[in-house]
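J.: One structure follows; several queries about it will come next.
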């Protein structure tokens with residue numbers, strides 16, 4: 001006769017309960033936990049503060065920083081690119097743009113700039129774009145100590161691009177000339193200038209033919225949208241970009257001296273008073289013997305995690321200390337108040353008991 005085997009499951013509840021009680025970090029029992037409105041307030045403020053600090057750390061980690069390294073410039077044979085985009089309040093047929101350096105090379109070897117007839121007055125969208133660039137660059141000149149934090153921010157890179165296209169066409173003749181393009185320069189001192197009349201190259205330089213232009217037609221009011229050296233980089237604002245100069249006297253020479261900084265000098269031409277010269281716009285530059293290497297760096301991920309942990313731990317520790325101090329102050333104040341109340345009740349009760357005792361004692 002075959003016997004049927006019946007398997008009875010074992011009860012392991014006690015073992016599971018014992019396993020649950022095993023904990024490296026002992027927990028506080030519920031009877032010993034005290035909740036209060038002060039502690040809840042500190043917890044809420046701590047979580048909000050931690051969220052804001054974590055967001056700030058993430059933003060700082062994503063925004064890479066720039067490191068500047070200075071070294072002697074020994075590559076003197078290199079060429080340097082200059083980027084130009086400016087507008088002069090004179091027709092293109094009356095102005096000429098050239099560059100001349102200390103080597104006295106032919107000006108046409110540096111490249112050719114484009115000329116485009118346009119209107120000096122900007123449209124509404126163009127004026128807003130240019131004014132934003134102008135005000136920001138003016139702030140950088142005043143707050144030069146903040147240049148490291150503001151000049152290289154990529155969030156401003158879209159603000160300093162090319163002017164937007166003109167949406168409306170003025171019903172008047174062209175009154176200005178836009179001169180733009182790139183030139184390749186020698187790394188020596190020189191000057192880029194815009195004067196009246198077209199230029200003619202000579203063996204030892206060049207001359208500008210302006211005999212057929214009246215002095216009344218001179219107007220070197222100008223607007224600089226771009227004037228920089230080297231390859232364009234996003235987020236970099238050069239000192240002359242966003243500069244606009246309105247002149248009331250056409251016979252004026254404007255000098256921009258560019259080296260490690262920019263200095264502007266305006267002088268009216270008056271031969272009767274001994275102020276001689278050629279009216280025009282002159283950008284006189286000189287090369288520095290130092291090379292500045294700008295590299296973009298970012299903290300490693302381990303450092304980023306360490307900062308996040310320190311932020312969370314620091315907020316927890318500080319909030320716990322402040323909570324303990326506030327709780328101690330509240331406990332001290334409430335204990336004193338309760339002790340005074342108890343003492344007052346005790347005196348009244350003693351007086352009442354004494355009176356009852358006197359009335360209940362029988363006469364002798």
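Cβ from N, Cα, C; glycine included.
Keep in mind it's a predicted model, so treat the numbers as computed, not measured.
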J.: From the ranges 12-33, 34-55, grab the one TrEMBL calls transmembrane segment.
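T.: Of 12-33, 34-55, TrEMBL gives transmembrane segment for 34-55.
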J.: Can you say which of 304-326, 327-349 is given as transmembrane segment in TrEMBL?
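T.: Per TrEMBL, the stretch marked transmembrane segment is 304-326.
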J.: Go through the chain and flag residues at least 6 beyond the ends of the transmembrane segment (34-55) whose CB is under 8 A from any CB in it; none is fine as an answer.
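T.: Sequence-distant neighbours of the transmembrane segment (34-55): 308, 311-312, 315-316, 319, 322-323, 326-327, 330.
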J.: Could you put numbers on the helix, strand and coil content of the domain 'Endoplasmic reticulum vesicle transporter C-terminal' (171-259), residue by residue per DSSP?
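T.: Final tally across the stretch: 3 helix, 46 strand, 40 coil.
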